[in-house]
């Protein structure tokens, strides 16, 4: 028996709501897991994984889900308020990422190790630089009068697409970090595979939510 269009729509929205809730919990749980594992303050390096997971797993996930019709924790607020909250979260994520990057550079300097010698380091640097450019681009959306020649709709599309790419770069950096000697020495077996699934799951959810949030906005706009 075929389902009606209305029933399919309800099921689809329920699945998106459930996946969004899972992304919130996984992003938070992964960040807490890394913090417990790293024990921030136990060494200079210990702050690096904590700050990077806070930036690319928790803060960026929350920032991107801010505009989801089903998964935003602030969906009852106006879009203008949510846009401000999104920018604040992205800025906090960038600050955490810059601090995490600076601390690991200082740590390597103290040990006399080479910089950017691994895929993880290279991906991490690219993700941080991309996040910086993304935050700069967000200023043009907060104050569109700064870019009067650019249609606002196109700016939003470019910003959303670029933000998704930046999020995936951050997730890739986290995945590569979980292949490092530090992480594999502390986390093994099933726990390692579960940890790897965390950024994979949130990335899949974010890709779906961001694309559908844009389509939803186009549908409701006159």
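A Cβ is built for glycine as well, from the same backbone N, Cα and C atoms used for every other residue.
Straight from TrEMBL, the features:
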- 14-217: domain 'Cytochrome b561' (DOMAIN)
- 21-38: transmembrane segment (TRANSMEM)
- 44-67: transmembrane segment (TRANSMEM)
- 87-105: transmembrane segment (TRANSMEM)
- 125-143: transmembrane segment (TRANSMEM)
- 164-184: transmembrane segment (TRANSMEM)
- 190-210: transmembrane segment (TRANSMEM)
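If you look at the transmembrane segment (190-210) against the transmembrane segment (125-143), you find fewer than three C-beta pairs under 8 angstroms, all six or more positions apart, and that falls short of contact.
For the transmembrane segment (164-184), the residues of the chain that approach it from at least six positions outside its boundaries are 37, 45, 49, 52-53, 55-57, 60-61, 64, 97, 118-120, 123-124, 126-127, 130-131, 134, 192, 195-196, 199-200, 202-203, 206-207, 210, judged by C-beta separation under 8 angstroms. Residues 44-45, 47-52, 54-56, 59-60, 62-63, 66, 115, 121, 124-125, 127-128, 131-132, 134-135, 138, 142, 170 of the same chain sit 6 or more residues outside the transmembrane segment (87-105) yet have a Cβ under 8 Å from a Cβ within it. Mean model confidence of the domain 'Cytochrome b561' (14-217) amounts to 92 (pLDDT, 0 to 100 scale).
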